[in-house]
């Protein structure tokens, strides 16, 4: 297999944390996304591990844009063996009424959250099939405590669980595993932010937990783990891993 990993999305916390952990494990890394607010720092730190790191702009919900991005990754590094795609629940307009129009907006928000996973996995699977070995890891971010993304977090998570299981079955014969990493805290249980602890700043700790799990899933020891939803704590008062 090649030692190249693609990390799509992930913002300022999860994506960089995963990229650095993969680099420490001997992977060259390509960062895919539409914005790179902290990319320079991530690139420098990856290079400190003696690995290469490139940033490739792509609209992750657009199949053509992602296909072009993967082509650039192949040119700059090589065909990837690992794909990590990070997504999060989408916000809804404040004061949304309970009617058919509101339902359609909720469906749209859920589709908007799920679309990048489908697009990136479709593009990445084609690359992994060539190697007859691969790891696909889908990461969903915790709901924002200051917004209303908790309202879409449960349907997004349910959709990702179903997709993960289906993709794992489809790709099993090719030596590719597919797993989901999701928050273990109450943000994933479709509860309002009022139920969460005050002053909760969990982005960094969750990112570290995701990076830790990713490191294990890309290892040969995890060859038999596929189609699973692994829950990671997003707060210090929740155990790091919780069995689903």
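Glycine is treated like the rest: Cβ placed from N, Cα and C.
Under the DSSP three-state reduction, residue 154 (NADP(+) binding site) is assigned to helix. Other Cβ atoms within 10 Å of the Cβ of residue 154 (NADP(+) binding site), summed over all protein chains shown, number 16. Per Swiss-Prot, the feature NADP(+) binding site maps to 9, 10, 11, 12, 59, 60, 154, 155, 156, 157, 158.
For the NADP(+) site, whose annotated binding residues are 9, 10, 11, 12, 59, 60, 154, 155, 156, 157, 158, the maximal Cα to Cα separation is 25 Å. If you take the C-beta of residue 11 (NADP(+) binding site) and look for same-chain residues 6 or more apart in sequence within under 8 angstroms, you find 37, 86, 141. Cβ packing within 10 Å was compared across the binding-site residues 9, 59, 156, 158, and the lowest neighbour count falls to 158.
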